[in-house]
Amino acid sequence: MTGLYSSMSFFLRTIVLLFSTSSFCNTFASLTQDSCHPDQRDALLEFKNEFKIWYPNGFLDIDGVLMDVTSYPKTKSWTKNSDCCYWDGITCDTKSGKVTGLDLSCSCLHGRLEPNSSLFRLQHLQSVNLAYNNFTNSPIPAEFSKFMRLERLNLSRSSFSGHISIKLLQLTNLVSLDLSSSFPYSPSSLSIEKPLFLHLLALNFMNLRELDMSSVDISSAIPIEFSYMWSLRSLTLKGCNLLGRFPNSVLLIPNLESISLDHNLNLEGSLPNFLRNNSLLKLSIYNTSFSGTIPNSISNLKHLTSLKLQQSAFSGRIPSSLRSLSHLSNLVLSENNFVGEIPSSVSNLKQLTLFDVSDNNLNGNFPSSLLNLNQLRYIDICSNHFTGFLPPTISQLSNLEFFSACDNSFTGSIPSSLFNISSLTTLGLSYNQLNDTTNIKNISLLHNLQRLLLDNNNFKASQVDLDVFLSLKRLVSLALSGIPLSTTNITSDSEFSSHLEYLELSGCNIIEFPEFIRNQRNLSSIDLSNNNIKGQVPNWLWRLPELSTVDLSNNSLIGFNGSLKALSGSKIVMLDLSSNAFQGPLFMPPRGIQYFLGSYNNFTGYIPPSICGLANPLILDLSNNNLHGLIPRCLEAQMSSLSVLNLRNNSLDGSLPNIFMNAKVLSSLDVSHNTLEGKLPASLAGCSALEILNVESNNINDTFPFWLNSLPKLQVLVLRSNNFRGTLHNVDGVWFGFPLLRITDVSHNDFVGTLPSDYFMNWTAISKSETELQYIGDPEDYGYYTSLVLMNKGVSMEMQRILTKYTVIDFAGNKIQGKIPESVGILKELHVLNLSSNAFTGHIPSSLANLTNLESLDISQNKIGGEIPPELGTLSSLEWINVSHNQLVGSIPQGTQFHRQNCSSYEGNPGIYGSSLKDVCGDIHAPRPPQAVLPHSSSSSSEEDELISWIAACLGFAPGMVFGLTMGYIMTSHKHEWFMDTFGRRKGRSTRTR
């Protein structure tokens, strides 16, 4: 028995020993095989030496937001005497020791990636990540196509440029491809061969799960073949300049979890009827031309966590079927055309943290359905039509950090419970009708508040002490414009927030410069406009180191305290001093200023040559001062950057200098109301961005500038009250009209000749309907608009902003002859037509009846005959008509707009009559009875008529003499008031101002 036990024991020990030996050998062999092959190591070391180490300042995403990316040089760990399989960013195959993975993302690499790079000797690579480096705009080498085992390729945000080689599409094993960058449409962006690349991509990459080509210039439509990429789980095509209509079927790919089509403004499409069991988690269609409604089938997206459809053209109501999206955390529908009320079913979205429906046409009261969503951190309902009161129970949203209800019609007071939400960092209630300041004193409870916007409401009942905001130590932005403020308790020693960057106190009844501002070292923008501040601008203002935007307009300031040396060396880029009482010579603004507005002051002297030292001015407005002398020729140096030059209403003389050769961005030039002479400079023909040209009320002596019709954006042309001469029709060449002109005022010059019947055929902008409310020269920054003075309805009218819908043709006060062109009838969007004080003949064209938007028609002081076309009686928009002093005959049209006019609108036309004229003008235009036709000859009739006239004159002499003596007595004995009360009619009088 003992022998058997010993034999068994020996047998077991032998087996254990053999197993242990085998395990050790396998482990040793494995360790040996993990070692990096020398050729792999050498290739990597050569690759390391191809680049310099570069430490980036950061990376921006496509929206310009700084990304949370940390970079460090991974290749620093690569040394010749170590195993490359253990280097940072390297993965090796456990059996062969070949390099299969290379992750050098965020590795501070700087230099060109050349086609002969040693990288391409690593033939066994399955994953390559070179994201967040700087390959200095080198093309993506086609040699990547040699990596036939490659499954993942990430070259994002690494400064590649040029055409993407179609050879990359040979990598048919790819499951993830990221070629994105942060700068769409830039010269250095990547691009593809259109349209072949996308077709082959869809056909070759059937296994692809993730595709990101953001900021790659695709500039074509997405082919229907993308719908067959059933393995896709993530598709990101931001900022690719996608065109055409996006295939709905792509949104229905069964396994698709995330799709983003943001920043493709020309991409059209609509949301499909979503199927059940859809896998979508994130749907982002932002800044596109997608339209249509949100379908009720949105409820089938049971797993959706983020829905972003902002800045597109979606419309209709927000569907109540959103209630089914129980996992939704982000809902962004801003900047669309949604209407109606927010559905109560929104209250079911218990996971919602972000809710943004700003810039739509929503209405109703504050959406109470939001008050039950206690996870909400962000609410933006700005720029809608909400009314009523803000809810008193808003404090239920205890996690709220951002709340903005700006630009609505909320009334009443700010709910006191709002000040219990201690997590609030942003509170925006500007541009409403809030009128009760009672609860504003509780604002001090919001210790975390960084942005407070209460401006432009109706807070006028009582003053608010500015010191209630002293406790808000984290404030960065404070806007209180329109709130009457008391600053008596605020001194330079008051401990206001030291973080303040933006301060808006316009229209706050402030009478002196707030002293606390002098300690705001981080302040970059200040608005003290529309107050009653008198005296001088304190010198300490210019010493604020970060100050860049200053608006002091519409006060009573007369000058500056102390030297302006600090101003000239400041960072200020926008300075608005308009509508004050500044006097003396014009000072030199900071060289880096971009917006300098000094209009409506008393600046005198010459425009100093030093103004030509400005680096890149965009807007220069010195209008309505007392400047004289010449316009400096050295301004030519500024024309490459100037967008607006306004020198209106000064005493400038000489000629308008020929300085516009490089004025490629000049959109508005106004030198009206000076004493300029000579001709218009020919260099204006190169101002391809010019929208407004106003040279009114000068002494310019020139012919009509036909060459201006080559300007592609010219919309306003005012040559009024100069010495222009010649014809308005280019008889010596082809006349193309002015396709974009909306306002043309060439009145009170010396234009002659006739206008052909097709004269207005190419005035396209006044022929087509304009539906969108826009302003000509609508600014992107600082709210600067060009104003204009025009004649309308017989009076001078100033427009502070020029609407694109407002259209004018004013040829009055010239010597134009012939017929009014029949083509005037195609100008269906024309609002004002003034052809008065010329020598037009012929008839009033019946085509005027097509001008259904016409408000003012003046053809007085001409030689026009015939009848007023009865069709004009249908022009319901016509408010003011003047056909006086012509040779018109017949009845006036039947229409209330003709019956409302003063008698002066018809005088000087003894041949016109009408039933309504008797009420307006008395018996002089009473309806004429039908005259019987006598059988004798016309000659005898004429002689008889002459005889009857003499008899009537004699018979009327005696009673007429009596009547005249009686009237003389009445008027000279101060009884004319009795006479007018008894027999006369008081009439309104149009006042002409200029």
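All positions are counted from 1 along the displayed chain.
Positions of Cβ are set from backbone N, Cα and C atoms, glycine also.
Annotated in Swiss-Prot:
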type     : residues : note
CARBOHYD : Asn116   : N-linked glycosylation site
CARBOHYD : Asn154   : N-linked glycosylation site
CARBOHYD : Asn420   : N-linked glycosylation site
CARBOHYD : Asn435   : N-linked glycosylation site
CARBOHYD : Asn442   : N-linked glycosylation site
CARBOHYD : Asn554   : N-linked glycosylation site
CARBOHYD : Asn561   : N-linked glycosylation site
CARBOHYD : Asn602   : N-linked glycosylation site
CARBOHYD : Asn762   : N-linked glycosylation site
CARBOHYD : Asn834   : N-linked glycosylation site
CARBOHYD : Asn850   : N-linked glycosylation site
CARBOHYD : Asn882   : N-linked glycosylation site
REPEAT   : 174-199  : repeat 'LRR 3'
REPEAT   : 326-349  : repeat 'LRR 9'
REPEAT   : 597-613  : repeat 'LRR 20'
REPEAT   : 852-875  : repeat 'LRR 29'
TRANSMEM : 947-967  : transmembrane segment
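Taking the features listed in Swiss-Prot, we show where each one sits on the structure.
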residue: Asn154; record: N-linked glycosylation site; Cβ contacts under 8 Å, 6 or more apart: Ser105, Val128, Asn129, Leu130, Ala131, Ser176, Leu177, Asp178
residue: Asn420; record: N-linked glycosylation site; Cβ contacts under 8 Å, 6 or more apart: Ser395, Leu445
residue: Asn442; record: N-linked glycosylation site; Cβ contacts under 8 Å, 6 or more apart: Ser416, Phe419
residue: Asn554; record: N-linked glycosylation site; Cβ contacts under 8 Å, 6 or more apart: Ser529, Asn530, Asn531, Ser578, Ser579, Asn580
residue: Asn561; record: N-linked glycosylation site; Cβ contacts under 8 Å, 6 or more apart: Gln536, Val537, Pro538, Asn539
residue: Asn834; record: N-linked glycosylation site; Cβ contacts under 8 Å, 6 or more apart: Ser747, Met791, Val808, Ile809, Asp810, Phe811, Ala812, Ser856, Asp858
residue: Asn850; record: N-linked glycosylation site; Cβ contacts under 8 Å, 6 or more apart: Gly825, Ile826, Lys828
residue: Asn882; record: N-linked glycosylation site; Cβ contacts under 8 Å, 6 or more apart: Gly794, Ser836, Leu857, Asp858, Ile859, Ser860, Gln901, Ser904, Ser905
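Outside the repeat 'LRR 20' (597-613) by six or more residues, the chain places 553, 575-586, 588-589, 591, 619-632, 634-635, 637-638, 646-647, 652, 784 with a CB less than 8 A from a CB of the stretch. If you count neighbouring Cβ atoms within 10 Å for each of the glycosylation sites Asn116, Asn602, Asn762, the highest count belongs to Asn762. Using Cα positions, the member of the glycosylation sites Asn116, Asn435, Asn762 nearest to Asn602 (N-linked glycosylation site) is identified as Asn435. With DSSP classes pooled into helix, strand and coil, the tally for the repeat 'LRR 29' (852-875) is 5 helix, 5 strand, 14 coil. Between the C-alpha atoms of Asn762 (N-linked glycosylation site) and Asn435 (N-linked glycosylation site), the distance comes to 52 Å. In the three-state DSSP scheme, Asn882 (N-linked glycosylation site) is classed as strand. Using a 10 Å Cβ-Cβ cutoff, Asn435 (N-linked glycosylation site) registers 13 neighbours. Under the three-state DSSP scheme, Asn442 (N-linked glycosylation site) falls in the helix class. For the repeat 'LRR 3' (174-199), DSSP puts the residue distribution at 4 helix, 5 strand, 17 coil. Mean pLDDT of the predicted structure over the repeat 'LRR 3' (174-199): 85.
Summarised by DSSP class, the composition of the repeat 'LRR 9' (326-349) is 5 helix, 7 strand, 12 coil. Across the structure, Asn435 (N-linked glycosylation site) and Asn116 (N-linked glycosylation site) place their CA atoms 72 angstrom apart.
DSSP states for the repeat 'LRR 20' (597-613), grouped as helix (H, G, I), strand (E, B) and coil, give 5 helix, 5 strand, 7 coil.
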